[in-house]
Amino acid sequence: MPKREDLKSVLVIGSGPIVIGQAAEFDYSGTQALRVLKEEGLRVILVNSNPATIMTDPEFADATYVEPITPEVVEKIIAKERPDALLPTLGGQTALNTAIALDKNGVLAKYNVELIGANIAAIELGEDREKFKGVVERCGAESARSHIVHAMDEALVAAADLGYPLVVRPSFTMGGLGSGLAYNEKDLHRIAGAGLQYSPTSEVLLEESILGWKEYELEMMRDKNDNVVVVCSIENFDPVGVHTGDSITVAPAMTLTDREYQNLRDISIAVIREVGVDTGGCNIQFAIEPDTGRVVVIEMNPRVSRSSALASKATGFAIAKIATKLSLGYTLDEIPNDITQKTPASFEPTLDYVVVKVPRFAFEKFPAADPTLTTTMKSVGEAMAIGRNFTEALQKALRSLEQKGSQLDFGSVNALDVPELIEAAKRPTTDRLGQVQRALAGGASVEDLYAATGIDPWFLEQLQLLNEVAVELKQAPQLHESLLRKAKRHGFSDEQIAGLTNNAEAVVRGVRQALGIRPVYKTVDTCAAEFAAYTPYHYSSYDQEDEIALHEKPSVIILGSGPNRIGQGIEFDYSCVHASMALRKAGYETVMVNCNPETVSTDYDVSTRLYFEPLTLEDVLEVIAAEERTGGVMGVFVQLGGQTPLKLAQDLADAGVPILGTPPEAIDLAEHRGQFARVLDIAGLIAPKNGAAVSFEDAKRVADEIGYPVLVRPSYVLGGRGMEIVYDEPNLLRYITNATEITPDHPVLIDRFLEDAIEIDVDALYDGKELYLGGVMEHIEEAGIHSGDSACVLPPITLGQGVVDRVRDATQAIAEGVGVRGLINIQFALASDVLYVLEANPRASRTVPFVSKATGVQLAKAAALIGTGVTINQLRTAYKMIPSLPGTPGGFDGGSLPVGAPVAVKEAVLPFSRFRTPEGAVVDSLLGPEMRSTGEVMGIDKHFDTAFAKSQAAANNALPTEGKVFVSVANRDKRAVIMAVKLLADLGFEIVSTGGTADVLRRNGIQSSTVRKVAEGTSAEGEGTITDLIIAGEIDMVFNTPSGGEARGDGYEIRAAAISIGIPCITTVAEFNVAVLAIEAMRSFEWNVTSLQEHAEALLEAAANV
């Protein structure tokens, strides 16, 4: 059936901010979908609150709404745009839940909007656990025995029937939020209690434990003519009990017999038919009991998911793109496969390689969190690698993580340590893979480890094989060709071989190259080379035949940012993709090197060629060598992907590779304290007093000179890793004692901490002569909170033009002094009207996408062209990429936005609800100099107060417009909050506070009821404490600033209670003052929805009328 002609416009719902469990894979699938819809000639309307996505670029939709994804806001967009259809299957759980709400409350019917890509009945059958159980039974398969409960007393009755341990799963949450394993009644109270709150339907499923069974998933697609394809089978390395997003996964499944696989296939096809998914994809998860072979269907997702992004990258089969075409009425046999151009989408992909995905965690950011892996997803990113066998793919994936200790350690193991390693491996943690491999190296048997961990013996034998190769390397008198080739085929890096043979890495590389042992590059082509592939999507292997074609023009290589992590996320991928788009448009051949399966950059048609490879020096040099021998290399971009490629800059330059854009010397100069201080001196700028120390004596001397409080941190970090504000000498001693690896090359840096300063963030472009100021952002929280976690506003709302002009001059001087060609990000602090320079980063920063969306100027594209020699003047005139000069008609830049320009607020999204201490409490939500957010949202409006209110709603932290507010602040903050609290009381809010704060408020004529502190406990009359009130749902917002020492305990309990039930919890005075303004605005004005395209027109109009 050809496509439907009755649909003229479609509204697509995105997935909002990046949170654990719902990450960049939805930007990847959404971007593909928008392209298809545009190609098919539809008017496309998008709503997505995340500015760091490619899909919110104005060119991908006709109307792009960066607005909170809530049913109320989406209804406003529907009323304004009147779309014919709504496509909700590309925005994860957020989009599905919103679509279900709009259907239930009659909005879709009222405006005559049809749901495409999924029907509500199919979603409910797939997502509602009770209904899905019925589906599985009707298909002749079985589910785990279970009970659905809606209250705690029902849960206790169910537990008596099922027996402990049992699995708790709330309905309609994603990434396993609120789920867990209850081993006893106490656990059940804790986990099911939270689960009932997290589930939008207050419904929780309790099921028998299938812990230790083998877990598999199948990724499926079905069209309305009942054609079904299995895109890919995926096997989890860890048995059931670890969320699939936190497990190492392998495609295709390795340990199924053909009969077992056909059985899973038959069940899947029956289930997808019974559920009625007929225009798209879904994934179905299974558990198999290893001893009996009993198969249980765990669950299905009737939408594009994290697994489908992985399956797409693993097979080259564009699931999101094909699902979108199906939703428009096409069938699988009518859709051509882009890669082969000969086969239709109804051909199932065939793999002649192995794919391994390994998760990346961020437990170092939450030292209090319990690192045990459970059914609640905790990983923040993932790396994927492709090899000709499992061992090669596994080792490549582990080195792609770029984490200390992520690679296998082949050092010798004492036999006495083996029992301890086996015991430790029983509990799934991030270290389990290493523990298992080392236990095997120490002589443990495969049987023992299988009994302890439930990891399939086939995987254990593969680890044993790696240990054997390592032993051979250790014992070899010299490196001979057959041994070296064998090691490379099992994925050993030059660095690992050097360690095992007591050589330098450069020596191993020299010997290997002299022996002619180089990798060849194979192609991911969906058909195991049965047909020719037209899209070069490559992976390396130490095999025989090379499959790279010759190219005519020298290539421009862009190094991506590797796996997502806190501090380096999708924002850097955005800059890489923009660079590739701009350079291709300008006629260059672009080559992307990256190993993150979730991102747009690793889509097979974003660049001219894609290499799915780890971002290590060895792997990158081999890609460059391959490009050199097939047509030459013009140069490499290292400043777009964050810290990952920057670290390689100097080594690449030393190897003779041309670096485009800012040279490595300039990158080093900005990172090096002494040299950078000279740049500031010449420019007449000042930094906060600072020093460096390699011992406690040094540190004490520096801190005494500067004066406390001081900010201490290691050199060369991204995301503020290991930073702390230290208020006194005992704490300085503690920091230095705990700081690892202080060396003369890597000293600890100590800065004066500026209290009560306004922090300012600048993104700019510099071409060697001229500066274009991209944006000047003012932070809402005071200095001392990491810029990645602080809310900020553009244009700045309290800085006068005089300050902005000083910022512009300082930026020009620094860019010139450092020698930047392209993007630079500088952080300033304004204290007592003195402008301090905090740091300069000569690279694409985390705020580039936000600034680009807020001002309509795409900075990363411009920076890529500057890297190839284009000037800012040419970008203005010939390329029309940046506006004309400020002061000329229609001219402006990020430091001179006209009055009437829209105001944009960026807010961070924090993952505290995911991380629990071993006792089950939430980790503390206090912000500090170490970055902890996983993603961001943007609120944009004509007025600052409304823009701030939108940003809070988008960050799932909507401000209340009535009710009770709890206020408890440290003594130093009491004066600063009186006016704002009075305004809340005047607006009709009821103020609740503890002793000291209540007295101050009453003396200022503010009515406030007093409540008991946590430490006071429940009174004899049964009056509860503040945390009891919060947990009972009686408080609508918490405002609590920490005061040192003892009250930290009290404050922590209060903040943890607020986070655990999901009410706004504000911890800084600055943010509270702004929140009160926003609440007042929400009560007085109806907010409007405006598309980025309309904001851009308003901005140009305002500039023309200056």
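Residue 1 is the first one shown; counting continues down the chain.
Every residue gets a Cβ built from N, Cα and C, even glycine.
Taken from Swiss-Prot, the feature region 'Carboxyphosphate synthetic domain' covers 1-402, and the record attributes it to sequence analysis. Confidence annotation: the region 'Carboxyphosphate synthetic domain' (1-402) carries a mean pLDDT of 89 in the model.
Swiss-Prot lists 133-328 with the feature domain 'ATP-grasp 1', giving sequence analysis as the kind of evidence.
With DSSP states grouped into helix (H, G, I), strand (E, B) and coil, the region 'Oligomerization domain' (403-546) comes out at 75 helix, 10 strand, 59 coil. Under the heading region 'Oligomerization domain', Swiss-Prot lists 403-546.
The region 'Carbamoyl phosphate synthetic domain' annotation in Swiss-Prot covers 547-956.
Annotation source Swiss-Prot lists domain 'ATP-grasp 2' at 677-868.
The annotation Mg(2+) 4 binding site is assigned in Swiss-Prot to GLU839, ASN841. ASN841 (Mg(2+) 4 binding site) has a Cβ environment of 23 other Cβ atoms inside 10 Å.
The domain 'MGS-like' annotation in Swiss-Prot covers 957-1106.
As annotated by Swiss-Prot, region 'Allosteric domain' applies to 957-1106.
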Neighbourhood of GLU839 (Mg(2+) 4 binding site) by C-beta distance under 8 A, where only residues 6 or more apart in the same chain count: ALA670, ILE826, GLN827
Collapsed DSSP category at GLU839 (Mg(2+) 4 binding site): strand
The domain 'MGS-like' (957-1106): DSSP-derived helix, strand, coil residue counts: 78 helix, 19 strand, 53 coil
